[in-house]
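> Sequence annotations record features per position, and here Swiss-Prot assigns ATP binding site to 20, 21, 22, 23, 24, 25, 26, 27. Annotation source Swiss-Prot lists compositional bias 'Polar residues' at 1-10. Under the heading region 'Disordered', Swiss-Prot lists 1-23.
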């Protein structure tokens with residue numbers, strides 16, 4: 001399908017989330033996809049978690065600085081939930097109702113992977129918080145970028161330069177290996193929503209894979225449109 005076919009989409013916006021471990025290239029791929037959608041004259045909003053709204057950005061600082069970790073895994077998860085609640089109700093939902101396509105760097109799957117699988121927070125608590133913070137909101141498509149842990153951490157270090165690793169970049173190698181497996185399990189458990197994409201290639205090649213996933217899942221080719 002050509003990019004012009006994207007313009008036929010109307011009504012409520014689409015919600016696309018990007019997930020993956022550290023250094024997998026989420027921000028790069030979100031920008032490339034946003035540029036392509038905007039070139040097709042689609043209204044597009046790029047946002048992130050934790051953060052994305054003034055209130056949520058305060059929580060982002062608390063979490064990534066490591067202050068949340070001092071409170072214990074459950075309390076840290078509550079900080080993420082508070083940030084998500086503000087983000088969903090002040091940014092994401094209003095944009096979707098206006099027909100805007102929302103591209104989000106991390107969402108609820110990050111809580112399942114980081115705090116659920118690796119942070120010893122019970123699935124029951126996570127599910128309860130999700131019912132309160134996001135209700136019935138669910139991504140139309142989740143792109144999970146997959147990359148060998150060592151390569152991802154090297155990329156993250158190069159991006160950071162001389163800066164201090166954040167709360168999660170500074171975790172042990174075993175943490176990041178477990179994180180990769182947690183994301184792979186999410187992709188395997190929810191194939192209708194999630195697409196696992198090999199991110200161990202140059203950015204343009206990965207961007208092509210992301211576009212193919214979006215086109216196939218959200219932009220089915222009408223009989224009257226000739227694929228190119």
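Quick reminder: no glycine exception, Cβ is built from N, Cα and C everywhere.
Please go over these features one by one and say how buried each is and what sits next to it.
The Cβ neighbour count for residue 21 (ATP binding site), using a 10 Å radius and every protein chain shown, is 28. In the three-state DSSP assignment, the secondary structure recorded for residue 21 (ATP binding site) is coil.
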> Take the Cβ of residue 24 (ATP binding site) and count every other Cβ within 10 Å, whichever protein chain it belongs to.
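Residue 24 (ATP binding site) is surrounded by 27 other Cβ atoms within 10 Å.
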> Using a 10 Å radius around its CB, how many other CB atoms surround residue 25 (ATP binding site)?
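There are 23 such Cβ atoms around residue 25 (ATP binding site).
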> On the three-state reduction of DSSP, what should I expect for residue 26 (ATP binding site)?
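SS state of residue 26 (ATP binding site) = helix.
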